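The structure appears below as structure tokens.
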Amino acid sequence: MIKVGLNGYGTIGKRVADAVLKNSRFQLVGIVKYTPDYSSKMAFKKGINIYVPPEKWRDFESQGVTPKGTIQEFLEESSIIIDASPSGKGFANLSLYKAAGKPAIFQGGEKPEVAELSFSTYCNYDEAVGRKYLRVVSCNTTGLLRILCVLHKEFNVKRARVLVIRRGADPKEDARGPINSIKLESVEDVSHHGKDAMLVLPNVKIISQAVVVPTTLMHVQYLDVEVATPVIKEQVTEVLSRYARILLVDPKKTGLDSTSKLIEAARDFLRSRNDIYENVVFENSILVSGNSISLIQAIHQESIVVPENMDALYAVAGVKLPLEKVVEETDKLLGIGGLKDVF
Ligand SMILES: NC(=O)C1=CN([C@@H]2O[C@H](COP(=O)(O)OP(=O)(O)OC[C@H]3O[C@@H](n4cnc5c(N)ncnc54)[C@H](OP(=O)(O)O)[C@@H]3O)[C@@H](O)[C@H]2O)C=CC1
Ligand SMILES: O=C(OP(=O)(O)O)[C@H](O)COP(=O)(O)O
């Protein structure tokens, strides 16, 4: 079994930790915690090893959590690190991983230079195999690239324009906003998503802009894509429906016409933490005219990158399986595809 350590146990880290625990190819060495809060106690009770900065050892013990070791020991015991630290901290952690000679997978909040390659499974898995440092692109970029790479493979995408309607905060983040505003995400002309996506799909011109809205549940994106030759809607829906990580939802038939209803459906489906790993593409929103395809999709920011983090582990570990098998294994363990039967 390949020994995986998780540095960071927040929104992304705890979900990836649970995914690693489900996969018998990998052994979760443990997690690094920095704050002795409820989540360290819950992880400890679940039997997950907790590693801590040495100066925090007593704080954890006083909360009833006996650490397994220090960060240094965590690095020694892990064969691959998944870094799910707050944006920017991963870059600082890179030198620790390099000094310990350990490969690492970073998240999209880090600058692209943190890794050898920015990664998105449907786009560049083969290029990622055997790399030492990968960066799984951010949640919106992951959602965007899944669609663009699938369309590109089939129809040769020439350019894409994207509007990202970004959630203001994750549900736990009570100090963020906006509370009563729709705010430009940036004072620059474009948002980072298009530029980031072009690192992975360099031959397609992708321009994105973003606004931030007062909601915590999901992001929503509007994509306007130009392909090389004229297509019809049936071709587009058929191609999208081939992929388990893309969920076509018909709001007329299902009543699912909002992010809150989607999250409720995921709760009803007993998805762990009401996670939706799939891009939810509203079927009615797919408009096709000549070379132009547009659509609206919802992206569950807390969980969308979990499958890609798992695939990234296969790539870095050099597991000898073709892309289709890797995706199949990850999808099966996370239950991806199950919602297709009920929606
Ligand atoms: N949340 C989201 O919607 C998404 C986030 N991402 C990206 O994932 C990354 C993690 O984000 P998210 O999970 O939201 O962050 P959170 O703030 O939820 O969690 C961050 C975790 O990192 C830990 N931590 C603190 N300092 C360090 C450090 N120096 N090194 C390692 N870990 C540290 C914290 O520990 P403790 O709790 O013990 O203090 C906490 O567990 C970011 O790059 C972000 O951009 C990507 C897709 C979606
Ligand atoms: O990766 C994300 O968004 P992004 O794809 O818009 O950068 C996550 O929702 C994290 O966003 P945050 O940096 O606002 O916490």
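Easy rule for this one: first residue shown is 1, then count along the chain.
Positions of Cβ are set from backbone N, Cα and C atoms, glycine also.
Keep in mind it's a predicted model, so treat the numbers as computed, not measured.
NAD(+) is bound by Thr11, Ile12, Arg167, Gln301 in TrEMBL, and the record lists one more residue there from Gly88, Gly101, Gly109, which is Gly109.
According to DSSP, Arg167 (NAD(+) binding site) is assigned to a strand segment. Counting other Cβ atoms within 10 Å of each Cβ, the binding-site residues Thr11, Ser138, Gln301 show the lowest value at Thr11. Among the binding-site residues Thr11, Ile12, Gly109, Arg167, Gln301, the residue whose Cα lies closest in space to that of Cys139 (D-glyceraldehyde 3-phosphate binding site) is Gln301. Here the binding-site residues are Gly109, Gly194, and the one with the most other Cβ atoms within 10 Å of its Cβ is Gly194.
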